[in-house]
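Okay, so here's the structure we're looking at.
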Amino acid sequence: MTEAATQPALVIPQLIVGLGNPESKYDQTRHNIGFAAVEALSRSWRISLAENRKFQGEYGEGMAPGGGKIRLLKPLTYMNRSGQSIQAVTSWYKLPPESVLIIYDDMDLPLGKTRLRLSGSAGGHNGMKSAIAHLSTQNFPRLRIGIGKPKGAADNDDSNTVSHVLGRFSSAENQQMSLVLQFVVECIELSLKQGVEKAMNVCNSRTINNSES
């Protein structure tokens, strides 16, 4: 067997999904940072998003950095049914699960941190539980964006958790998250050009602070 034959195939995303909730009352909340990430990609790549009833979400496609075709999706099913929308796209285009990259919020990561992985559990995130159920596997890449924990909250304080994830960032946090989203675009562009595993080395090693420009 040649050395080339033993090299693992690069995982290159073909569909990028941002998780969130529809309705204006959820706009710019911490739980909707996945939506914000896909919107940032849409602006950067000049791919317009439009509501697609068949896909139960806002959908767009175009050419991404690296020259390949890329699809963007914001499920409009509400968070805990996100998998329905994702499955509608993957079934229509016959995309394998490993070609789907899902972006979502993570309270266990501090603000300014991101984590890119090739697979994993839902980690208690209802949107990811739905995605895993509808894709029938955990083996697809995901990018978690840290939103931090509510200040001074006990781990079992569910009401505080809900108000935190459905709350909005402060002015200073918004500035920081703007930089985080720029970094997310860079990480995803690297994953499209060199594969998710290569992008992990960059995405997982930095903390984005307000001092960066």
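Each residue, glycine too, has its Cβ placed from N, Cα and C.
As recorded in Swiss-Prot, the features of this protein are as follows:
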SITE      ASN21  site 'Discriminates between blocked and unblocked aminoacyl-tRNA'
BINDING   TYR26, TYR78, ASN80, ASN126  tRNA binding site
ACT_SITE  HIS31  active site, proton acceptor
SITE      ASP105  site 'Stabilizes the basic form of H active site to accept a proton'
(request) According to DSSP, folded down to helix, strand and coil, what is ASP105 (site 'Stabilizes the basic form of H active site to accept a proton')? (result) strand
(message) Within its own chain, what residues at least 6 apart in sequence put their Cβ under 8 Å from the Cβ of the residue listed as 'active site, proton acceptor', listed in sequence order?
(response) GLY20, ASN21, MET79, ASP105, ILE147, VAL165, LEU166
(request) Would you mind ranking the recorded positions ASN21, ASN80, ASN126 by how many other Cβ atoms sit within 10 Å of each Cβ and giving me the lowest? (result) ASN80
(message) Given a separation of at least six residues and a C-beta threshold under 8 Å, show me what packs close to TYR26 (tRNA binding site) in the same chain.
(response) GLY20, ASN32, LEU166
(request) Using only the Cα atoms of TYR26, TYR78, ASN80, ASN126, which the record gives as binding tRNA, return the largest interatomic distance in Å, rounded to a whole number. (result) 16
(message) Name them in sequence order: residues not among TYR26, TYR78, ASN80, ASN126 whose Cβ is within 8 Å of the mean position of the Cβ atoms defining the tRNA site.
(response) ASN21, HIS31, THR77, MET79, ARG81, SER82, GLY127
